[in-house]
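Everything below concerns the one structure shown next.
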Amino acid sequence: MKIYLVGGAIRDALLGLPVKDRDWVVVGSTPQEMLDAGYQQVGRDFPVFLHPQTHEEYALARTERKSGSGYTDFTCYAAPDVTLEDDLKRRDLTINALAQDDNGEIIDPYNGLGDLQNRLLRHVSPAFGEDPLRVLRVARFAARYAHLGFRIADETLTLMREMTHAGELEHLTPERVWKETESALTTRNPQVFFQVLRDCGALRVLFPEIDALFGVPAPARWHPEIDTGIHTLMTLSMAAMLSPQVDVRFATLCHDLGKGLTPPELWPRHHGHGPAGVKLVEQLCQRLRVPNEIRDLARLVAEFHDLIHTFPMLNPKTIVKLFDSIDAWRKPQRVEQLALTSEADVRGRTGFESADYPQGRWLREAWEVAQSVPTKAVVEAGFKGVEIREELTRRRIAAVASWKEQRCPKPD
C-alpha cells in the first residue's frame, strides 16, 4: 500500500494559496485492507474512506469509463493493479493531476508543474470530453485564478466548444449548474466564469437570458461600453469589489435582463426594462432552482435599480413606499444590498469605475430616518388596528421629507 497527497492541496500550496482540504489516493490496497486499518468507508459508487484520526478523505486509486450520457454514467474500476498514473489521468486539469509522496517528492506525469508555471488550464486527456460538468469547472477555475494570470489552453477551450455544440451540457442537472455558479460567484473575478461560458457557447445553453444581452446597445451617453452584455459583466466585476455576498453579486448579474426583451427598433433606449426583467429573473431562477432568498433580491434589484438612480427626484412618499416594496421593515439588509447593486450598476461602465454614487448614501440615510420613527409612540397616541400602520406611514413620510429638504433637495 502506498499513499499520496493529490490534487488541489498541492496546486494551491505551490501557488502560495491557503490549503483548505487535503485529499489522498491509496495505491495497491483493497476496501477490506482499509477497513482493517480502521478507516471508515463513505463512498457508495467508488471506495472512499475517512481517516480514523484526521477524517480526511482517502480514495483507492481508480479508473473511470463513460457508460452513458451526462456526467453521472461512469463505470469505476478500483483495484490494487490501478497505478497512480492511471488515477491521475482521469482528472480534469493537469494542474490538478499532481501527487506528492511521503518524502515530499512531487509526481507529475502530465506536466502539471509546467502548466502551473505558465498559468495554463489544460485538460489531462481526451476523457475530459466525457464529463460536461468539467466545462463549468474549468470556467470556475478560470474565475478563481484570474488574478494570478491563468488562462485556458486553446486546445481545452476548443474541446469545451465541441462538448457544448454536441449537446453534452443539456445532461447537466439544474442543481449542479447552480452549485458551480454559486461557487464561481464567490471568486474574486466572477465575471470571468460567464465570459468563459460565452467563449465556448455554453452561456447560450445555460444562461440564455444573459447571453441575449450581448449585442444589445445602450445609449453611448450613459454607457460608453455600448454593449449591454459587456456592461453586465462589468457590473458583476464591480459588485465583487463592493461585496462578498453571493446574493448581491447574482442580483447585479440579473439587473438588466429586461433589456434583452427590447425590440431592436426601439434600441438603444430601454424604457421599462426593470419591471420587464422581473419575469426573466423568475424564469432563470426557477430553471436553475436558485434559492428563494437569492431570487427575491434579484427580482427587487431588477425592478428598482433605476428608481434608486433617480433618488433626488423621488418624493418622500415614494421613498417610504420603496421601503415597503422591498420589505425593508422585516429585512433591513435589503437596503444595503440595493445600495450596493445600484452602485455597481453605475460604476460598471467604461470611464465610471471610480465614480461617486451619492444615491447610495442618500438611500441609507433615508432608511435610517424612516426606521427611527418609533412605533410605540403611535400606539401610545391611541391609534388602533389599521390606523397604526397608516399613522406610522404618515410619520415616516414626514420624517423623510424633513431629512430630504436638508440633505437631498430635489433638483430644480
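Cβ coordinates are placed from backbone N, Cα and C, and glycine is handled just like the others.
According to Swiss-Prot, the protein carries these features:
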| type | residues | note |
| --- | --- | --- |
| BINDING | Gly8, Arg11, Arg91, Arg137, Arg140 | ATP binding site |
| BINDING | Gly8, Arg11, Arg91, Arg137, Arg140 | CTP binding site |
| BINDING | Asp21, Asp23 | Mg(2+) binding site |
| DOMAIN | 228-329 | domain 'HD' |
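Structure with Swiss-Prot features highlighted.
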residue: Gly8; record: ATP binding site; contacts (Cβ under 8 Å, 6+ apart): Val19, Asp21, Asp23, Asn96
residue: Arg11; record: ATP binding site; contacts (Cβ under 8 Å, 6+ apart): Ile95, Asn96, Leu98, Gly112, Leu116
residue: Arg91; record: ATP binding site; contacts (Cβ under 8 Å, 6+ apart): Gly7, Ala97, Val124
residue: Arg137; record: ATP binding site; contacts (Cβ under 8 Å, 6+ apart): Asp92, Glu180
residue: Arg140; record: ATP binding site; contacts (Cβ under 8 Å, 6+ apart): Glu180, Ser183, Ala184, Thr187, Phe193
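The most densely surrounded of the binding-site residues Asp21, Asp23 is Asp23 (count of other Cβ atoms within 10 A of its Cβ). The residues near the ATP site, meaning same-chain residues not in Gly8, Arg11, Arg91, Arg137, Arg140 whose C-beta sits within 8 angstroms of the mean position of the site's C-beta atoms, are Gly7, Asp92, Leu93, Ile95, Asn96, Phe141, in sequence order. Look at Asp23 (Mg(2+) binding site): DSSP puts it in a strand.
Over the domain 'HD' (228-329), the average per-residue pLDDT in this prediction is 95.
Assigned with DSSP, the residues of the domain 'HD' (228-329) fall into helix, strand and coil as follows: 78 helix, 0 strand, 24 coil.
Among the residues Gly8, Arg11, Arg91, Arg137, Arg140 said to bind CTP, no two Cα atoms are farther apart than 16 Å. In the three-state DSSP classification, Gly8 (ATP binding site) falls within a helix.
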